[in-house]
(Lines of atoms letter the chains of each structure in order from A and count residues from 1; the text may use other names and numbers.)
(Lines give C-alpha, C1' and ligand atoms only; values in the text may rest on other atoms or scores of the structure.)
Protein backbone atom coordinates (compact mmCIF):
# COMPACT_ATOMS: atom_id res chain seq x y z
CA UNK A 1 0.00 0.00 0.00
CA UNK A 2 1.46 3.34 -1.08
CA UNK A 3 -1.13 5.43 0.75
CA UNK A 4 0.30 8.33 2.74
CA UNK A 5 -0.45 7.85 6.44
CA UNK A 6 1.83 10.40 8.09
CA UNK A 7 3.94 13.42 7.17
CA UNK A 8 6.35 15.12 9.53
CA UNK A 9 8.39 18.28 8.95
CA UNK A 10 11.30 19.62 10.97
CA UNK A 11 13.83 22.42 10.98
CA UNK A 12 17.44 21.31 10.38
CA UNK A 13 20.66 23.13 9.43
CA UNK A 14 22.24 23.48 6.00
CA UNK A 15 25.94 23.58 5.13
CA UNK A 16 26.21 27.25 6.10
CA UNK A 17 24.67 26.66 9.51
CA UNK A 18 21.40 28.27 8.46
CA UNK A 19 18.04 26.61 9.10
CA UNK A 20 16.30 24.70 6.35
CA UNK A 21 13.45 22.21 6.12
CA UNK A 22 13.36 18.42 6.13
CA UNK A 23 10.31 16.21 5.70
CA UNK A 24 9.49 12.56 6.36
CA UNK A 25 6.66 10.85 4.48
CA UNK A 26 5.34 7.53 5.81
CA UNK A 27 3.24 5.07 3.81
CA UNK A 28 0.75 2.41 4.85
CA UNK A 29 3.18 -0.42 4.09
CA UNK A 30 5.78 1.05 6.46
CA UNK A 31 7.92 2.64 3.76
CA UNK A 32 9.39 6.05 4.54
CA UNK A 33 10.99 8.77 2.45
CA UNK A 34 13.03 11.68 3.79
CA UNK A 35 14.23 14.78 1.97
CA UNK A 36 15.95 18.03 2.89
CA UNK A 37 15.77 21.32 1.00
CA UNK A 38 18.81 23.40 -0.03
CA UNK A 39 19.07 27.20 -0.08
CA UNK A 40 20.83 29.67 -2.36
CA UNK A 41 22.96 32.74 -1.63
CA UNK A 42 22.66 34.34 -5.08
CA UNK A 43 18.95 33.90 -5.72
CA UNK A 44 16.94 34.90 -8.76
CA UNK A 45 14.18 37.47 -8.37
CA UNK A 46 11.71 35.08 -9.98
CA UNK A 47 12.34 32.06 -7.77
CA UNK A 48 9.61 30.47 -5.68
CA UNK A 49 9.53 31.93 -2.18
CA UNK A 50 11.53 30.32 0.60
CA UNK A 51 9.57 30.85 3.83
CA UNK A 52 11.62 32.22 6.73
CA UNK A 53 10.29 33.08 10.19
CA UNK A 54 11.71 36.61 10.32
CA UNK A 55 12.26 36.42 14.09
CA UNK A 56 15.53 38.33 14.55
CA UNK A 57 15.92 36.84 18.00
CA UNK A 58 16.26 33.36 16.55
CA UNK A 59 18.77 32.36 13.89
CA UNK A 60 18.94 36.04 12.90
CA UNK A 61 15.49 35.81 11.36
CA UNK A 62 16.27 32.78 9.18
CA UNK A 63 14.35 30.17 11.16
CA UNK A 64 12.07 27.73 9.36
CA UNK A 65 9.67 26.75 12.14
CA UNK A 66 6.68 28.18 10.27
CA UNK A 67 7.53 26.14 7.18
CA UNK A 68 7.79 23.00 9.32
CA UNK A 69 4.50 23.93 10.99
CA UNK A 70 2.81 24.12 7.58
CA UNK A 71 4.09 20.64 6.76
CA UNK A 72 2.82 19.21 10.04
CA UNK A 73 -0.50 21.01 9.72
CA UNK A 74 -2.15 21.94 6.44
CA UNK A 75 0.03 19.87 4.12
CA UNK A 76 -0.13 16.70 6.22
CA UNK A 77 -3.90 16.98 6.47
CA UNK A 78 -4.38 17.63 2.75
CA UNK A 79 -2.20 14.71 1.64
CA UNK A 80 -3.33 12.11 4.16
CA UNK A 81 -4.73 9.09 2.32
CA UNK A 82 -3.34 10.05 -1.09
CA UNK A 83 -1.31 7.65 -3.21
CA UNK A 84 2.40 8.53 -3.04
CA UNK A 85 3.00 7.13 -6.53
CA UNK A 86 0.80 9.88 -7.99
CA UNK A 87 3.49 12.58 -7.86
CA UNK A 88 1.63 15.01 -10.09
CA UNK A 89 -1.49 14.78 -7.96
CA UNK A 90 0.50 15.24 -4.74
CA UNK A 91 2.35 18.29 -6.05
CA UNK A 92 -0.79 19.75 -7.61
CA UNK A 93 -2.64 19.43 -4.31
CA UNK A 94 0.09 21.36 -2.48
CA UNK A 95 0.21 24.07 -5.14
CA UNK A 96 -3.57 24.49 -4.90
CA UNK A 97 -3.43 24.49 -1.11
CA UNK A 98 -0.82 27.24 -1.14
CA UNK A 99 -2.90 29.35 -3.52
CA UNK A 100 -0.18 31.81 -4.54
CA UNK A 101 1.78 32.04 -7.81
CA UNK A 102 5.13 31.76 -6.01
CA UNK A 103 4.34 29.34 -3.16
CA UNK A 104 4.77 32.23 -0.77
CA UNK A 105 2.06 31.27 1.73
CA UNK A 106 3.16 27.79 2.73
CA UNK A 107 6.71 28.24 1.48
CA UNK A 108 8.43 26.56 -1.44
CA UNK A 109 10.82 25.00 1.06
CA UNK A 110 7.94 23.29 2.87
CA UNK A 111 6.27 22.12 -0.34
CA UNK A 112 9.49 20.88 -1.93
CA UNK A 113 10.58 18.89 1.13
CA UNK A 114 7.31 16.96 1.00
CA UNK A 115 7.42 16.62 -2.78
CA UNK A 116 10.87 15.01 -2.76
CA UNK A 117 10.19 12.90 0.34
CA UNK A 118 7.04 11.55 -1.32
CA UNK A 119 9.05 10.37 -4.32
CA UNK A 120 11.55 8.70 -2.01
CA UNK A 121 8.78 6.97 -0.07
CA UNK A 122 7.17 5.68 -3.26
CA UNK A 123 10.52 4.39 -4.51
CA UNK A 124 11.09 2.66 -1.18
CA UNK A 125 7.65 1.04 -1.36
CA UNK A 126 8.50 -0.37 -4.78
CA UNK A 127 11.95 -1.50 -3.58
CA UNK A 128 13.42 0.55 -6.41
CA UNK A 129 16.36 2.98 -6.45
CA UNK A 130 15.18 6.58 -6.67
CA UNK A 131 16.80 7.18 -10.07
CA UNK A 132 15.07 4.12 -11.50
CA UNK A 133 11.71 5.02 -9.94
CA UNK A 134 11.83 8.54 -11.40
CA UNK A 135 13.38 7.70 -14.76
CA UNK A 136 12.31 4.18 -15.62
CA UNK A 137 14.39 1.58 -17.43
CA UNK A 138 16.02 4.20 -19.66
CA UNK A 139 17.70 6.04 -16.79
CA UNK A 140 21.33 5.10 -17.37
CA UNK A 141 23.30 8.26 -18.21
CA UNK A 142 25.81 9.47 -15.64
CA UNK A 143 26.50 13.21 -15.71
CA UNK A 144 29.70 15.02 -16.57
CA UNK A 145 30.53 16.89 -13.35
CA UNK A 146 31.04 20.65 -13.30
CA UNK A 147 33.40 20.96 -10.35
CA UNK A 148 33.67 24.39 -8.78
CA UNK A 149 37.35 24.91 -7.95
CA UNK A 150 37.55 28.70 -7.56
CA UNK A 151 34.79 30.63 -5.79
CA UNK A 152 34.15 34.35 -6.13
CA UNK A 153 31.19 36.71 -6.24
CA UNK A 154 28.54 36.15 -3.56
CA UNK A 155 30.11 32.81 -2.59
CA UNK A 156 33.41 34.16 -1.25
CA UNK A 157 34.95 37.17 0.46
CA UNK A 158 37.63 37.89 -2.11
CA UNK A 159 38.44 40.12 -5.08
CA UNK A 160 36.88 37.95 -7.79
CA UNK A 161 33.64 39.24 -9.36
CA UNK A 162 32.67 36.06 -11.20
CA UNK A 163 31.04 33.57 -8.87
CA UNK A 164 32.25 30.18 -10.06
CA UNK A 165 35.15 28.80 -12.07
CA UNK A 166 34.56 25.12 -12.75
CA UNK A 167 36.31 22.24 -14.48
CA UNK A 168 34.45 19.64 -16.53
CA UNK A 169 36.44 16.43 -17.20
CA UNK A 170 34.51 15.51 -20.35
CA UNK A 171 37.35 13.42 -21.79
CA UNK A 172 36.86 10.62 -19.27
CA UNK A 173 35.43 7.24 -20.23
CA UNK A 174 33.27 6.95 -17.11
CA UNK A 175 31.88 9.06 -14.30
CA UNK A 176 34.32 7.58 -11.81
CA UNK A 177 37.25 8.51 -14.06
CA UNK A 178 35.85 12.01 -14.57
CA UNK A 179 35.55 12.45 -10.82
CA UNK A 180 39.15 11.32 -10.35
CA UNK A 181 40.35 13.78 -12.98
CA UNK A 182 38.45 16.64 -11.35
CA UNK A 183 39.77 15.76 -7.91
CA UNK A 184 43.33 15.69 -9.22
CA UNK A 185 42.89 19.13 -10.78
CA UNK A 186 41.45 20.42 -7.49
CA UNK A 187 44.40 19.18 -5.45
CA UNK A 188 46.87 20.46 -8.04
CA UNK A 189 45.22 23.88 -7.91
CA UNK A 190 45.81 23.95 -4.16
CA UNK A 191 49.53 23.53 -4.82
CA UNK A 192 49.46 26.20 -7.55
CA UNK A 193 47.79 28.72 -5.25
CA UNK A 194 49.99 27.89 -2.27
CA UNK A 195 53.13 28.33 -4.35
CA UNK A 196 51.93 31.83 -5.30
CA UNK A 197 51.32 32.67 -1.65
CA UNK A 198 47.53 32.61 -1.85
CA UNK A 199 45.17 31.28 0.79
CA UNK A 200 43.61 27.91 0.13
CA UNK A 201 40.57 28.52 2.32
CA UNK A 202 37.40 27.34 0.62
CA UNK A 203 34.09 29.03 -0.13
CA UNK A 204 30.51 27.85 0.31
CA UNK A 205 30.74 25.25 -2.45
CA UNK A 206 34.14 23.87 -1.54
CA UNK A 207 36.20 25.71 -4.13
CA UNK A 208 39.16 27.85 -3.19
CA UNK A 209 38.55 31.53 -2.50
CA UNK A 210 41.94 33.26 -2.85
CA UNK A 211 42.47 37.02 -3.04
CA UNK A 212 43.41 36.91 -6.70
CA UNK A 213 44.30 40.11 -8.52
CA UNK A 214 41.73 39.75 -11.30
CA UNK A 215 39.11 37.54 -12.88
CA UNK A 216 41.67 36.67 -15.56
CA UNK A 217 44.06 35.35 -12.92
CA UNK A 218 41.29 33.06 -11.68
CA UNK A 219 40.71 31.36 -15.03
CA UNK A 220 44.43 31.23 -15.78
CA UNK A 221 45.04 29.53 -12.43
CA UNK A 222 42.45 26.90 -13.38
CA UNK A 223 44.15 26.32 -16.73
CA UNK A 224 47.53 26.04 -15.02
CA UNK A 225 46.15 23.46 -12.60
CA UNK A 226 44.63 21.40 -15.43
CA UNK A 227 47.97 21.33 -17.24
CA UNK A 228 50.05 20.58 -14.15
CA UNK A 229 47.68 17.73 -13.27
CA UNK A 230 48.61 16.11 -16.58
CA UNK A 231 45.51 16.98 -18.59
CA UNK A 232 44.90 19.15 -21.65
CA UNK A 233 42.61 22.20 -21.37
CA UNK A 234 39.90 22.02 -23.99
CA UNK A 235 40.89 18.51 -25.08
CA UNK A 236 39.86 16.42 -22.09
CA UNK A 237 39.07 18.97 -19.37
CA UNK A 238 37.01 22.08 -20.07
CA UNK A 239 36.27 25.28 -18.18
CA UNK A 240 32.73 26.22 -17.18
CA UNK A 241 31.88 29.64 -15.75
CA UNK A 242 29.05 30.96 -13.63
CA UNK A 243 29.49 34.73 -13.37
CA UNK A 244 26.06 35.12 -11.70
CA UNK A 245 25.83 38.42 -13.57
CA UNK A 246 22.61 39.53 -11.87
CA UNK A 247 24.70 40.00 -8.72
CA UNK A 248 26.79 42.77 -10.32
CA UNK A 249 24.14 44.31 -12.59
CA UNK A 250 23.33 47.71 -11.09
CA UNK A 251 21.51 50.64 -12.68
CA UNK A 252 21.57 49.10 -16.13
CA UNK A 253 25.33 48.48 -16.03
CA UNK A 254 27.52 45.48 -15.24
CA UNK A 255 29.86 46.64 -12.48
CA UNK A 256 32.92 44.63 -11.45
CA UNK A 257 32.75 46.07 -7.95
CA UNK A 258 35.03 43.49 -6.31
CA UNK A 259 38.00 43.88 -8.63
CA UNK A 260 38.71 46.89 -10.84
CA UNK A 261 35.36 48.77 -10.41
CA UNK A 262 34.89 48.77 -14.20
CA UNK A 263 31.43 49.29 -15.71
CA UNK A 264 30.01 47.80 -18.90
CA UNK A 265 26.84 48.18 -20.93
CA UNK A 266 25.07 45.03 -22.10
CA UNK A 267 26.82 45.27 -25.45
CA UNK A 268 30.20 45.67 -23.77
CA UNK A 269 29.49 42.72 -21.47
CA UNK A 270 28.73 40.54 -24.49
CA UNK A 271 31.98 41.65 -26.07
CA UNK A 272 33.80 40.81 -22.82
CA UNK A 273 32.49 37.24 -23.03
CA UNK A 274 33.20 36.97 -26.74
CA UNK A 275 36.80 37.99 -26.05
CA UNK A 276 37.11 35.41 -23.29
CA UNK A 277 35.75 32.66 -25.54
CA UNK A 278 38.37 33.59 -28.14
CA UNK A 279 41.17 33.98 -25.59
CA UNK A 280 40.34 30.85 -23.60
CA UNK A 281 39.19 28.13 -26.03
CA UNK A 282 38.83 25.66 -23.14
CA UNK A 283 35.60 27.44 -22.12
CA UNK A 284 32.70 25.05 -22.70
CA UNK A 285 29.88 26.79 -20.86
CA UNK A 286 28.86 30.14 -19.39
CA UNK A 287 25.96 30.29 -16.95
CA UNK A 288 24.12 33.56 -16.31
CA UNK A 289 26.48 35.53 -18.51
CA UNK A 290 23.87 38.30 -18.49
CA UNK A 291 21.45 39.52 -15.81
CA UNK A 292 18.15 37.74 -15.26
CA UNK A 293 15.94 40.40 -16.87
CA UNK A 294 18.38 41.65 -19.50
CA UNK A 295 16.59 39.77 -22.27
CA UNK A 296 18.08 41.94 -25.02
CA UNK A 297 21.56 41.34 -23.64
CA UNK A 298 20.90 37.61 -23.44
CA UNK A 299 19.70 37.55 -27.04
CA UNK A 300 22.84 39.35 -28.19
CA UNK A 301 25.04 36.98 -26.20
CA UNK A 302 23.26 33.96 -27.68
CA UNK A 303 23.59 35.31 -31.21
CA UNK A 304 27.26 36.11 -30.63
CA UNK A 305 28.65 32.96 -28.97
CA UNK A 306 25.70 30.56 -28.65
CA UNK A 307 26.86 28.47 -31.61
CA UNK A 308 30.26 27.95 -29.97
CA UNK A 309 29.53 27.26 -26.31
CA UNK A 310 26.76 26.27 -23.92
CA UNK A 311 24.86 29.25 -22.49
CA UNK A 312 23.02 28.24 -19.34
CA UNK A 313 20.07 30.14 -17.90
CA UNK A 314 19.87 29.98 -14.11
CA UNK A 315 18.46 33.21 -12.70
CA UNK A 316 17.11 33.76 -16.22
CA UNK A 317 14.85 30.69 -16.18
CA UNK A 318 14.69 29.72 -12.46
CA UNK A 319 13.57 26.20 -13.47
CA UNK A 320 10.26 27.79 -14.45
CA UNK A 321 8.47 26.56 -17.58
CA UNK A 322 6.87 29.96 -18.21
CA UNK A 323 10.20 31.80 -18.30
CA UNK A 324 11.84 28.96 -20.19
CA UNK A 325 9.11 29.10 -22.85
CA UNK A 326 9.78 32.83 -23.22
CA UNK A 327 13.47 32.11 -23.69
CA UNK A 328 12.91 29.35 -26.21
CA UNK A 329 10.54 31.49 -28.27
CA UNK A 330 13.00 34.39 -28.17
CA UNK A 331 16.04 32.32 -29.09
CA UNK A 332 17.70 33.08 -25.77
CA UNK A 333 20.34 30.77 -24.21
CA UNK A 334 20.60 27.10 -25.15
CA UNK A 335 20.61 25.36 -21.78
CA UNK A 336 18.73 25.43 -18.47
CA UNK A 337 20.12 25.07 -14.98
CA UNK A 338 17.86 22.88 -12.88
CA UNK A 339 17.46 23.71 -9.19
CA UNK A 340 14.52 21.98 -7.58
CA UNK A 341 14.05 24.68 -4.95
CA UNK A 342 13.72 27.44 -7.54
CA UNK A 343 10.32 26.13 -8.59
CA UNK A 344 9.35 24.14 -5.50
CA UNK A 345 8.00 20.77 -6.69
CA UNK A 346 9.46 17.74 -8.39
CA UNK A 347 6.66 17.68 -10.97
CA UNK A 348 7.34 21.24 -12.15
CA UNK A 349 11.07 20.52 -12.24
CA UNK A 350 10.54 17.54 -14.53
CA UNK A 351 8.16 19.55 -16.72
CA UNK A 352 10.79 22.27 -17.22
CA UNK A 353 13.44 19.68 -18.08
CA UNK A 354 11.13 18.04 -20.61
CA UNK A 355 10.35 21.39 -22.22
CA UNK A 356 14.06 22.12 -22.50
CA UNK A 357 14.77 18.74 -24.09
CA UNK A 358 11.94 19.18 -26.59
CA UNK A 359 13.44 22.51 -27.66
CA UNK A 360 16.94 21.08 -28.03
CA UNK A 361 18.24 22.79 -24.91
CA UNK A 362 20.66 20.95 -22.64
CA UNK A 363 20.04 20.69 -18.89
CA UNK A 364 22.42 20.95 -15.94
CA UNK A 365 21.13 19.57 -12.64
CA UNK A 366 22.44 21.77 -9.84
CA UNK A 367 22.96 22.07 -6.12
CA UNK A 368 22.66 25.33 -4.16
CA UNK A 369 25.37 27.06 -2.16
CA UNK A 370 23.55 26.15 1.05
CA UNK A 371 23.33 22.36 0.80
CA UNK A 372 22.54 19.38 3.00
CA UNK A 373 23.66 15.76 3.13
CA UNK A 374 20.71 14.80 0.90
CA UNK A 375 21.98 13.46 -2.48
CA UNK A 376 18.56 13.69 -4.22
CA UNK A 377 19.95 15.64 -7.19
CA UNK A 378 22.40 12.84 -7.99
CA UNK A 379 19.48 10.47 -8.59
CA UNK A 380 17.59 13.21 -10.44
CA UNK A 381 20.49 13.74 -12.86
CA UNK A 382 20.58 10.04 -13.76
CA UNK A 383 16.79 9.68 -13.81
CA UNK A 384 16.47 12.42 -16.43
CA UNK A 385 19.61 11.50 -18.41
CA UNK A 386 20.58 15.16 -18.06
CA UNK A 387 24.23 14.42 -18.79
CA UNK A 388 25.56 17.23 -16.59
CA UNK A 389 25.63 17.96 -12.87
CA UNK A 390 26.90 20.93 -10.95
CA UNK A 391 27.43 20.05 -7.31
CA UNK A 392 30.52 21.77 -6.03
CA UNK A 393 34.14 21.01 -5.48
CA UNK A 394 36.10 18.02 -4.24
CA UNK A 395 35.74 19.08 -0.62
CA UNK A 396 32.94 19.50 1.94
CA UNK A 397 30.78 16.48 2.64
CA UNK A 398 27.65 18.35 1.54
CA UNK A 399 29.15 18.31 -1.98
CA UNK A 400 30.99 14.98 -1.87
CA UNK A 401 27.84 13.06 -0.86
CA UNK A 402 26.35 13.76 -4.30
CA UNK A 403 29.46 12.47 -6.05
CA UNK A 404 29.53 9.39 -3.84
CA UNK A 405 25.90 8.65 -4.68
CA UNK A 406 26.74 8.88 -8.39
CA UNK A 407 29.60 6.42 -7.87
CA UNK A 408 27.13 4.02 -6.27
CA UNK A 409 24.65 4.45 -9.11
CA UNK A 410 27.35 3.88 -11.74
CA UNK A 411 28.41 0.73 -9.91
CA UNK A 412 24.82 -0.50 -9.78
CA UNK A 413 24.20 0.20 -13.47
CA UNK A 414 27.33 -1.73 -14.41
CA UNK A 415 27.82 -2.21 -18.13
CA UNK A 416 24.60 -0.34 -18.93
CA UNK A 417 26.00 2.91 -17.50
CA UNK A 418 26.59 5.61 -20.12
CA UNK A 419 29.02 8.52 -19.73
CA UNK A 420 28.28 11.13 -22.41
CA UNK A 421 31.57 13.03 -22.43
CA UNK A 422 31.58 15.97 -24.84
CA UNK A 423 28.21 14.86 -26.22
CA UNK A 424 26.66 16.25 -23.02
CA UNK A 425 27.08 19.73 -24.50
CA UNK A 426 25.56 18.86 -27.88
CA UNK A 427 22.23 20.32 -28.90
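Even glycines carry a Cβ here, placed using N, Cα and C.
According to Swiss-Prot, the feature (2R)-2-phosphoglycerate binding site maps to 163, 339, 368, 369, 390. When secondary structure is read from DSSP and collapsed to three states, residue 163 ((2R)-2-phosphoglycerate binding site) falls in the coil class.
Residues or ranges marked as active site, proton donor in Swiss-Prot: 205. According to DSSP, residue 205 (active site, proton donor) is assigned to coil rather than to any helix or strand. Annotation for residue 205 (active site, proton donor): same-chain Cβ neighbours under 8 Å, separated by at least 6 residues, are 148, 151, 155, 164, 367, 369, 392, 393, 396, 399.
For the recorded site, residue 287 (Mg(2+) binding site), the DSSP three-state label reads strand. Cβ neighbour count for residue 287 (Mg(2+) binding site) (all protein chains, 10 Å cutoff from its Cβ): 27. Marked as Mg(2+) binding site by Swiss-Prot: 242, 287, 314.
The active site, proton acceptor annotation in Swiss-Prot covers 339. The DSSP secondary structure for residue 339 ((2R)-2-phosphoglycerate binding site) is coil. A C-beta separation below 8 Å, combined with a sequence spacing of at least six in one chain, links residue 339 ((2R)-2-phosphoglycerate binding site) to 38, 40, 314, 318, 319, 366, 367, 368.
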Cα-Cα distance linking residue 242 (Mg(2+) binding site) and residue 390 ((2R)-2-phosphoglycerate binding site), given in Å to the nearest integer: 11
Cβ atoms near residue 369 ((2R)-2-phosphoglycerate binding site) (within 10 Å, other residues, all chains): 24
Inter-residue Cα distance where the pair is residue 163 ((2R)-2-phosphoglycerate binding site) and residue 287 (Mg(2+) binding site), in Å: 10
Rounded Cα-Cα span from residue 242 (Mg(2+) binding site) to residue 163 ((2R)-2-phosphoglycerate binding site), Å: 6
Per-residue Cβ crowding (10 Å cut-off), top of binding-site residues 368, 390: 390
